[in-house]
Amino acid sequence: MNKASLLNDRMKKYAHSDTAALYNDLGITRNGLRLEQVEAMKKKYGDNNIFARKADTIWFRIRRAFINPFTIILFVLAIVSFITDVWHTNSLNKNATTVIIISVIILISGVVRFIQEIRSKHAYDQLDRLVHTHINVKRDGVIIKIPAENLVVGDRVYLAAGDRVPADMRLINTMDLFVSQSAITGESGILEKTSRKHDYMEQMAFLQYENLVFMGTGVISGKGEGIVLAVGKETLYGNFIQPNALTSNSFEKGANSIAWVLLRFMIVLVPIVFIISGITQGNWTEAFLFALSVAVGLTPEMLPMVITACLAKGSTAMFKKQTIIKDINAMQVFGSMDILCMDKTGTLTNVNILLEYYMDILGNESKEVLRFAYLNSLYHSGVKNPIDKAILECRNMPQKSEYYETLAKQYTKVDEIPFDYTRKYVSTLIADDNGSHQLIMKGDVEAVFSRCTFVEYQGTVHPILEDGRSSVAAVVDEMLEDGMKVIAVARKDLGNQNTVSLTDEANMVLLGYLAFFDAPKKSAAQSIAKLKNLQVETKILTGDHQQIAISICSRIGIASENMLTGADVNRLSDLELRYAVEKTSVFAELSPSQKVRIVTALRENGHTVGFLGDGLNDIPAICEADVGISVDTAVDAAKDVADVILLQKDLNVLEEGILEGRKTFANMSKYIKITASSNFGNILSIVCASAFLPFLPMAAIQILLLNLLYDILCIVLPWDHVDQEVFSSPREWSGKTLGRFMRFFGPISSIFDGITFLFLYFVLCPALTGGLLYTQLTDPAMQFQYIALFQTGWFLESMWTQVLIIHMLRTQKIPFLQSRPSTPVMLITIIGILLFTGLTFTPIVNILGLTVLPLWYFGFLLVVVASYMLLTTVWKRSYVAKYGELI
Ligand SMILES: Nc1ncnc2c1ncn2[C@@H]1O[C@H](COP(=O)(O)OP(=O)(O)OP(=O)(O)O)[C@@H](O)[C@H]1O
Ligand SMILES: [Mg+2]
């Protein structure tokens, strides 16, 4: 789609009119909006939210917790059961147990879901405060900081380097404002923006308009003020971003589709159960109730709750480990990441670097060089990165603060060309007391040197001779080998010129160098080894000089023989690069776009790639990676685009975050797979049993009781332990494995159900009812006893196997012995089994339509359960051998 045609009409109009008309039309003043205008503007033009979440009031949450397709089925069943069992029955036969059980199930799943929702909201709010961009606006004459979502049309916004533009705006005031529009145009490159009015005659694409800035673009340097003209979905960015890509992420979609598969399964099979059991036993009301209970039994009513609980638990656990997941979908990608690309500063080395030497071209200490570098750092308006911070730190040296204060007063800033990671240098134009203008350039040694034709030594300027480059190397190389970061400083007189352009940056005079100590972190080597243990391979992608990269890597113990530089990368074709990235783990002297190329190549090779970075130069790569990771101290624009934010830039934090992500994910897929397969097995058994038995294999109420027990067990599953094997390697989440898991494990339980049926029907029941089969019995009391015995037998077998299957399938190892479940899971298992088995020996059994079984049945039960567990273990082994994983 043509992006310009999406452009908001107000933007088009006011690009061509002056600011007075703009103020006039919108009814605003230089003081910004009046507070009462804010609401009106919001009503008229909407708010600045492309994610537009529904108002999450308590009522809304309660409704969502209690009303979903799953609970609606339960409600219907409760009502039907109320009508048939309580209302329409004479007072003798009134039996409210079914209604009560169903209500308990609804209540439990609803309340637990509600609590989970509140908890995850709480976690989300906490996160909101941390990661959401705040922006300076002027309202009622006062500059205040508000969340970017609260902006309205007409707001007067202040922009500074490192910000992400929060809405579409017409600029009214700028000072050396440069932006990168790569987020919406895909093109790298930095554009200067001004507030000048555009003529209608000017032929240019709207995106190139100097006086318009767009939501999602990044401020590289300088300052600006603008009036918001379009917010939220009306912005260019909000227009072309896919709305459904924001509201439902692929993981949620996956989980929903699983729920729907199970539901459809049920919708097809439950009527079959209804018809078969209606025909075989002639009582249609009972058949209907039975079919509905089967439906409840098969409804994964806990699925939404378990997923919210797992995710909420996961994000809280990660938060405690200093990791914030901004997008829940990222949790899963985070866990399946197998390559981590990262920059150097802050990860391998300390966050702060120290200025160690300032020297002239021959390597002697030179205060002059420091002075010029200081003025350059002080006056350029880009984000102050560690290099600038280290330079500016010199004003905090003892007895120096006064000197640097007067220095700053002696000079004023006139113009600049901002730092650009592709050019690798920054130029500022400053004026001294006498009004003479001086261009100061600092940056990468090679890049700066290539702009110089002169050198200055002890106050005299000499032309650079042919061996100039080797004399630079003589001074600089040794420091680089020691792992020092070195930059060059140059200057040039510009007379009284008031602006600089790219052509001015030639024939500069080289003044000298600054060297910084970028100390490797003590913990770096260990952290990288830990990541390796988790089967995450690390790659260093730095913009810094290759020799520094080599020196730091060798100190940390990363192999750097195969290192590639940005220039090397440029020479390779895409295909060659795909081959090269596999063998190389250190890349240096990269521009932002080269970082992107490397990430793309890795992804094309089938890796799940993470990128950890904190600078403006890392933003494109953070966007490109499967999971973009940034840190709390990073520039806002980088935090905005990242999926994961570390509260500390430390690889250890990252490692712990990955572990938590994988655990959360394992528990979730454990639940989904086990539930799906055991539901599949149950329905198989029920269909078979109702086809062959002259009575119901299990009463409606018994199915509901079993379901209740299973649901309660599921509530604690998010808190289960996860085996080391499961989280020690990255795994991909895919619905594909679900089908095969169901087919593989579902039918096993049916085999044992079948054996139990046969035993109950042909052995146990006849033995206790005078040696006759059901069809041979004529006495209704005997028939009743026969059914009760059968149903109790199956109830117990079903309960034991359904509970134990969780323990069998939750781990690849031998359950209980090699892999222990967490205490809550263990406790509920034991209590559930004891309680339900014990129940059949109490008078309550009669209400449930059950009866007391002879003790020797338990002997049979033990044999069945033991062989079931044995067969599952064997089956599990062959599954793991075949597919390499279980859960
Ligand atoms: N503020 C600055 N002023 C001048 N030059 C700079 C500045 N920041 C960076 N440079 C130059 O640009 C080069 C690349 O920058 P930098 O080392 O920060 O890249 P990076 O990819 O972010 O590295 P890292 O992996 O260490 O984070 C530096 O080696 C230096 O020469
Ligand atoms: Mg960096």
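Using N, Cα and C of the backbone, Cβ positions are placed for all residues, glycine too.
Where the annotation comes from TrEMBL, it is an automatic prediction and has not been curated.
The transmembrane segment annotation in TrEMBL falls on one of the ranges 625-647, 671-693, 694-716, namely 671-693.
Within the chain carrying the transmembrane segment (825-849), a Cβ under 8 angstroms from the stretch's Cβ atoms is held by residues 95, 97, 699, 701-702, 705, 709, 712-713, 716-717, 719-720, 787-788, 791-792, 795-796, 799-800, 803, 806-807, all 6 or more beyond its ends. Sequence-remote contacts of a segment are chain residues at least 6 beyond its ends whose Cβ falls under 8 Å from one of its Cβ atoms, and for the transmembrane segment (65-84) they are 96, 98-99, 102-103, 105-106, 109-111, 113-114, 117, 259, 263, 285, 288-289, 292-293, 295-296, 299-301, 303-304, 700. Under 8 Å from some Cβ of the transmembrane segment (287-312) lie the Cβ atoms of residues 68, 70-71, 73-74, 76-77, 80-81, 84, 98, 102, 105, 109, 112-113, 116-117, 119-120, 123, 255, 258-259, 262-263, 265-266, 269-271, 273-274, 277-278, 281, 328, 331, 664-665, 667-668, 671-672, 675-676, 679, 682-683, 686, 690, 696, 699-701, 703-704, 706-707, 711, 714-715, 717-718, all in the same chain and six or more residues away from its ends. Put simply, of 258-281, 671-693, 741-764, 784-805, the stretch with the most CB pairs closer than 8 A to the transmembrane segment (855-875) is 741-764.
Each of 258-281, 671-693, 784-805 was scored by its Cβ pairs under 8 Å to the transmembrane segment (741-764), and the highest score goes to 671-693. Mean model confidence for the domain 'Cation-transporting P-type ATPase N-terminal' (13-86) is a pLDDT of 81.
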